[in-house]
Each structure stands twice: as structure tokens, then as C-alpha cells.
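Chemist: Please read through the structure below; I'll follow up with questions.
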Amino acid sequence: MSDSEDMTEFASIVERIERGEVPIKNIERELICPICKELFTHPLILPCQHSICHKCVRELLMLNHEDSFDAGSECSMPGSPRSRVPSPSMERLDRLVRSGSISSPGWRRGSVTPRVTTIPCPGCQHDIDLGERGISMLFRNFTLESIVERYRQAARAAVAIMCNICKPPPQEATKSCMDCKASYCNECFKLHHPWGTPKAQHEYVLMCPEHEMEKVNMYCEVCRRPVCHLCKLGGSHANHKVTTMSSAYKILKEKLAKSIHYLISKEDQVRTQITGLELLINQTEENGQLAERRANEHFERLFETLQERKSEMLRSIEQSRNRRLDQLKGQVEEYQGMLENSGLVGYAQEVLKETDQSCFVQTAKQLHVRIQKATESLRTFHPSADPCFDEFVLDTSKEETLLKEMCFGGVPDPPLIDLSNSKVYNEASICWRLSDDHLPTDHHVLEYRRLGGPSQSPSQEDGEDSGVWRATDRVYGPSTVVCDLDPNSLYAFRVRSCRNSMFSPYSPEVTFHTPPAPAFGFLFSDKCGFSTERLILNKRRDTVENVAGMVFLLAADRVQTGSYIGLDYIIGDTGISQGRHYWAFKVEPYSYMVKVGVASDSKLLEWFHNPRDTSSPRYDHDSGHDSGSEDACYDLSQPFTLLTLGMGKLFIPKASSSSSSTANAQPGDPGNRVLPLPQRLGVCLDYDACRVYFYDADTMRCLYERQVDCSGTMYPAFGLMGSGKVQLEEFVTAKRLTF
């Protein structure tokens, strides 16, 4: 067939495709570039009427001469995409040249003076001279481009091959038998090719569900399914990563073998779990039957109660009806006697016929009384009984609502104690929360027990209250208060919910340590030495904040002369002159420097009324610096003790072992003297023992303790430098512990 006949036939096919007479899936071979063996991308029409991809033409010119490629490509199709389809490799073009597929006089690899504008046509083997204009002289084959695009769309929308044997609705076919000439799903293939029969020897292949005549020979790693080469070429897997079927077979087989080996190695564990599941099945069956019996008992009691009430009510209605009927019937008989010739009137008429005066007078007297009563009854007539039974009308709307709202959801979910909102001192405020999708509950019950404490004697440990759970009354909200807790003791708490007389499991137990002394209530004092220029006190007087404002900035000018800026002090409005007391507060982590502790009234007068700007921070004992003079002074009992906090840290002062102690650090170890700042800090002052303790208020762990001179009235003291904030605990600001 000549070239002109080929072009005529191709043009005829194109026209038939455009009219829809030829299925587009039957012309894949006509849509593949002879150079790159892929679907055409921006095809160009050569003078011989064959088409080649734009990039393939560029590659051919590149092999012929670099300069010719640059001259032609820069001026041809500047708007055409250049990276949509991969370019053919140089090795592939070399193979075509060596095989003679595109050999021509114009293709001379070793030529010194090659014809830079001549390329061989891979379709007709003719040399194509592009002339001086190069690629720019070639036209794009827009018709072929549109057909290729339509083919891509048709390939993406291809319908899977269905099983030829399945009853409607048919399943997708997975195998095609070459001998039976039919496609099967897995089940139908096993049914029609039973093992041990001649049909079991039939040759079968996996056919591509998108291309009926193509066998699957690749594996798409994105979709995890076998595909054919047409799927990769222009179908729905064109841009997916694929691998060879043999490689996929090897990898998947290794994975499956490892998984099977793992399961076999865990056979004992699987058997143990099966035994556990069988035990759970038996327990579920038994518990289900028990729940059914209990539910039947509950409803039987309800039915019995309703039946008793029903019988009692019907009996009362019957008695009332009979009584009223008797009364009305008696009244009817009475009124019938008033009729002529019957009853009382007839009898009176007969008495009037009596002629004997003495007998008449004797009988008529009593008869006249009866006639008068009948006459009066006639004038003031009213029924002797009410026919209405309103007193027996029941309003069961509330009961019906309760029955309709009766929940059969089983055991309610256990609540969880909220640690962030629960507080424990000498009284405990315990809060809990329910799950987000919980059903309404009737009430809650909180239980608590004492686990022990350092102050507990052996006799108390053996007592009946030790370790025994004690329950509160019913709680209808999410929190409650437990009173009269022992100081310096460890308590455990748990809670459970109740719905329809069914209790949930207990919540996980949580433990709280009570403070070593009763809570001491006070507020920040806004009078004694309080600096309104630098300290901001809220209206409730439970929070104080130091703001490094303009006053602080102006005072900082003296740093150049060796001076330093002092602390701004604030104290509690209540003093301590006896006993053992505890209070807690929170210092914000961003605070630069905060000092907390206790101070006597005499020391406070010195701080507030004799302010000084000294040349060295070593001057004052509470400066917070690790100086030699400070260490020497801490060996003595002072009328104040302040602990330094700041920048998210807590600093333990240097002191001798005779006057102070810490829980974690040796006195001479500087590294262990810096601790993380607790979320809440507690202070306990034992006035009679002249000793002060500092605690982590969340765990009640003693961080530091030391001797203090309690010769006067002691006050909670706080000093702030730079930005900082101190907030008293709620139980402290309440003056007495209330929640």
C-alpha cells in the first residue's frame, strides 16, 4: 500500500471517528508516536504527512546538531508545554539508528559536516529537509491531538469487565479462561473449574478490567491493583507509579509469608485470647440472662403494683356507684308515693274517708307530718346523689412521662474526678465530670477513706476508720464538699453515678494530701506600706501584680552609680500570734522575682518606714543573692524568712544544716538548690515551735524549712521586683474555708 493510500485510509478513519462510527478504543496503535512509543503529545505533521511528537522532532535535531536544535526550537511553538510527557532517551534513538529504523543519508553520526536541517521520518524512512526555518515550518496536527484527548477520556471512563456466569447483578471479572472463552469472578471460576477435573487444567489469565483484550502485566503501587500497559500509557494510571508483576509478586509474597509466620509464632497467644473471648462469651450469656431475669422482676413488680391499684380503684368506683344508685332509687320511690292513688297520697285519701273522729285524729296527726315533709321536699328538690365521678378521674400524665423517659441504656459510664478543679485542705471540694455523650443520671455518691499520714499513731492505724470507705449523701450535681479531714494525712476519693437504681463502676481512685495545719484566711493588706505606684491590687484583694512601669524605669537610672532597686512589699491583713497555720498561693511563671514567706511586725516597720537605696544588694538579708554576709546571717534566727522565686524557678537559700533543711538538696550543692517552680506553693508557720515550712501545694512535699524568730506578731509577706503576679488560693481569701 502506497503512502497516499495510507493517508487516505487514515483520513477516512478520522472522519468515521468524528462521526462516532468507530469505537475510539480500537485505534490505540494509531495514536502512538513511532519514536517514543507513547501517546502523541503536541504532534507535528511532517511533509510526508506522518506525525511525530514535537519533543521527538527536537530530540532528532539535537542528535544531528545542537545549534540547529536551538535555532529551530526557540522560534517554533513558544507556548507549547515542554515537560508534560517525558522525552525519549538518547539511547533509544541510538538503537533506532543502529537498527536502521530511521537510517537515511541525512543521519550520519560520525559526519563532520552533517545536514543539520534534515531528519529521517520513522514512518516512511524518507529524509525530511526542514530547510532554514527548521521546526517552525511544521504544522501542529490539531485533529490528532483532539482524538488522543478523546481516547484518554474514554480510557478513564472504561467500564470493568463483568463475569459472564454470575446472576444479576454480575460481579467484576478477575480471570479470563482462554479455553472457555469467558470471563469469571473468583467464585464462578472455582465453581466451573473444580479441582481434579479436566477444566482445572484450562489456561486462564488475568485480564485488564479497563481494556478487555489486554492482559495485566504491571502492578500499580498507588491503587494497589494489577494493570495493563494501556492503563499506564493513557488510562487512569498514567501518572501513577507502577512496577513489574514479578517484582510485585515477590514483594507481596514475602510480606504475606512474614505475616503468616508471625501469626504461626503467636499461636499460643491467639489460643489464650480465644480462651479469654470464650470466657467473655459465657459471662456475657450469663449476665444477659441475669439482666433479663432482673428486668422481668422489676416489670412484674410494676405490673403487680398497677394491678393492685387498678383493682382497688375499680372496687371503690363500684361501691360508690351502688351507694348512689340506692339513694336515687329510694328518692324515686319516695316521689312516686306523692302520686294520686299510690303511696302516701293514696293512703292519705283513704284516711280522709274515716268518720270516727277519735280514730281520724290519732292517724291524721302522724300522717300530716309526713305530708308536710313531702311537700317541703317537693319545693326544695335536689337529687340525693351526684351522678358525676370526677373524684375517680386519674391524671397519669406525670407517670406516663416518667415511663416514657425511663432509660434502658444499662449501667451508666463512670465519672472522672477533675483534678484541676478539686481542692483539699482541712475540708475537700471534689469535682467530677461525665463523658460528653452520657445519658442523664439520677444522682452521684462520693466515697473517701484515709490512707494514713505521718502523724497517725499505731492505734489509729488499727482502728476501724482506717482504710474504710465512707460515703457522702446523694449528690445531685457535679461536686460536693467533705468536711472534718485530718491534717497532714493522705486521702483517697472515688465517685460513681446512679441511674434507674443501677450504679456505674467506680471512677479511678485519686489521692490528695491534706495540709499540715488548718487553713489560715487573709487578704492582701492595702494599707500597711502598700505601694500604689508599682503594685496593682484587684478589688477582691486576692491578687497583686507588679508592673514595671515608668517609675521603675526612672529608678533604674541609679544603676549607673551602683545603686539597686528595692523590693515592693505587701503583707496579709491578718497576723499570727499563736498556733499552727497554713496558706497557699500561685506565682505566675513569667514573674521576674518574687519573695514569699513570713515576717514579724517589727521587721515590717523597718522595711516600710525606713526605705534605703544601698550601694550593694548584700546590705539586706532577704536580697535573694548568694552572698557571704547573707550566709552568715542565715545561721542566726531572724524575725523573717523569705524564699526567692522567679523566671519559673524556686531558689533554696544557703544555710547551715543546724538551722534549715531541704527535701532534695545538700546545703553546699548549688545545682540542686534551684528547683522548678511549683504550680501552687504552700507556707506553714508553726508559731509555737518557731519554725516555717514551704510546700509544693499539689503534692504536699516539703521543699524547705527553717527556724524563725516569732517574738512578735507574724504576717504572711510577699515582695515583688519587676513584672510579677501572686494570687491567693480561694480558701485563703474566704477568711474561713467555704466552697
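Just so it is clear, glycine is given a Cβ too, placed from its N, Cα and C backbone atoms.
Curation plays no part in TrEMBL annotations; they are all automatic predictions.
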Chemist: Among 71-90, 651-670, indicate the range for which TrEMBL gives the feature region 'Disordered'.
Modeler: 71-90
Chemist: Pick from 449-468, 609-628: which range has region 'Disordered' per TrEMBL?
Modeler: 449-468
Chemist: When DSSP states are grouped into helix, strand and coil, how many residues of the domain 'Fibronectin type-III' (411-517) land in each?
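Modeler: Tallying H, G and I as helix, E and B as strand, the rest coil: 4 helix, 44 strand, 59 coil.
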Chemist: For the domain 'COS' (352-409), what does DSSP give as the number of helix, strand and coil residues?
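Modeler: Once the DSSP states are binned, the domain 'COS' (352-409) shows 35 helix, 0 strand, 23 coil.
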